[in-house]
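Student: TrEMBL lists these features:
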- 4-352: domain 'Isopropylmalate dehydrogenase-like' (DOMAIN)
- ARG96, ARG106, ARG134, ASP223: substrate binding site (BINDING)
- TYR141: site 'Important for catalysis' (SITE)
- LYS191: site 'Important for catalysis' (SITE)
- ASP223, ASP247, ASP251: Mg(2+) binding site (BINDING)
- GLY281, SER282, ALA283, PRO284, ASP285, ILE286, ALA287, GLY288, LYS289, ASN290, VAL291, ALA292, ASN293: NAD(+) binding site (BINDING)
Amino acid sequence: MIRKILLLPGDGIGPEISLQASRLLAACQEAGLDIAVEEALVGGAAYDAHLDPLPPETLQKAKDADAILLGAVGGPKWDTLEDLSKRPEKGLLGLRKHLGLFGNLRPAILYPQLAEASSLKPEIVSGLDIMIVRELTGGIYFGQPRGIEMRDGERVGFNTYVYSESEIERIGRVAFKMARKRGKKLCSVDKANVLEVTILWREVMNRLASEYPDVELSHMYVDNAAMQLVRAPKQFDVIVTGNMFGDILSDAAAMLTGSIGMLPSASLNESGQGMYEPCHGSAPDIAGKNVANPLAMMLSVAMMLRYSLSEPALAERIEAAVGQVLDGGLRTADIASEGMRTVSTDAMGDAVLAAFARG
Ligand code: NAD
Ligand code: IPM
Ligand code: MN
């Protein structure tokens, strides 16, 4: 059965890394994968063409797809748009919300070849393999009421941090099941010493724990978790947390692996449909220069093959190809240690494709 993939390159370095992903998809087709790949506009690119960061035709194509691959959205060009609903980031948030992609998996894995590229000492990060499970369609990102309004003669800005028991429970189940398949340790990160919403979060996680007796559940306040991630990151196996804490902690975890350019992600809904994207943004500072690291995007293709297309062998082949390329000493600037020669986005893509073809 032919599966439909929607590619949404987006803005900044999005199109540059998406090109490498689409070449990789073509190589998968040559290896026998039965897929049809379509492209559509999202983010600033869609705003420029249609005054809408998530045009109805893009949303429809996304709903019809078996899986979606997204580069990145946003950039300074659109940061001053007064109407917040037109900002590129709203295109991404709209896709997540409309498709119900509540389960965000962000694996922070250190390729041993990159131990020197991490900003932490090699012995602190060697062998690192953490899975961050981030709730993606609720919490303070989506809570109502929200806005900026006049109160007592001055403007106030406000957002609402809200989670229902059912929202906590469904992300909790994703995390417990993930822990069960891995090291059987789950750390739930909250701010239950201050915020009622996370008192409820902790309570629901504790209740779920009785259904997963083989998984060891612990709790940590988010401020301590941020500190522990850079102090002794290997204490973690699976981390489960809400939308905003997960956003912040996953960027910190990314740096443990050498660069944010290495971290892929999967965002899944209840029917297993998924959107796959690197955790990084559109990197306006390096956009258009052919220097961005395409590996987070190419590893997102691997996650798509694993989680939405049930093609674990092809996924492993991509991951092995990335390993071989790193073994060979190829580095984009973000993962190069001192004195190492660096290569372009295209050259890194070429090398992964060549290793994939050999594999
Ligand atoms: P960013 O992740 O785009 O960049 C942070 C730093 O990391 C920059 O120095 C950048 O050059 C570097 N970097 C990021 N990806 C890289 C890669 N693949 N290779 C090499 N270096 C890389 O974060 P930011 O600067 O805070 O945000 C820029 C824009 O991206 C904003 O508009 C933001 O809203 C948007 N954003 C989008 C997404 C997304 O689409 N999923 C995620 C985060 C940020
Ligand atoms: C991410 C990004 C997004 C988020 C932004 C661009 C809306 O930072 O995917 O990590 O905050 O979720
Ligand atoms: Mn982020």
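The chain as shown is numbered from 1 upward.
Glycine is no exception: its Cβ is also placed from the backbone N, Cα and C atoms.
For each feature listed, report its degree of burial, its nearest neighbours and the pertinent distances within the displayed model.
Tutor: Taking the Cβ of ARG96 (substrate binding site) as reference, residues of its chain lying under 8 Å away and at least six apart in sequence are, in sequence order, LEU136, THR137, SER267, MET275.
According to DSSP, TYR141 (site 'Important for catalysis') is assigned to a helical segment.
Note: LYS191 (site 'Important for catalysis') has non-local neighbours THR198, TYR221, VAL222, ASP223, PHE245, i.e. same-chain residues 6+ apart with C-beta under 8 A of its own C-beta.
In the three-state DSSP assignment, the secondary structure recorded for GLY281 (NAD(+) binding site) is coil.
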Student: Please work out the number of neighbouring Cβ atoms within 10 Å of the Cβ of ALA283 (NAD(+) binding site), leaving out its own Cβ.
Tutor: 24
Student: Quick one: pull the CA-CA distance for ALA287 (NAD(+) binding site) versus ASP251 (Mg(2+) binding site), whole Å only.
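Tutor: ASP251 (Mg(2+) binding site) has its Cα 19 Å from the Cα of ALA287 (NAD(+) binding site).
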Student: Starting from the Cβ of VAL291 (NAD(+) binding site), draw a 10 Å sphere and report how many other Cβ atoms land inside it.
Tutor: 18
Student: For a quick check of understanding: among the binding-site residues ARG106, ARG134, LYS289, which residue's Cβ has the most other Cβ atoms within 10 Å?
Tutor: ARG134
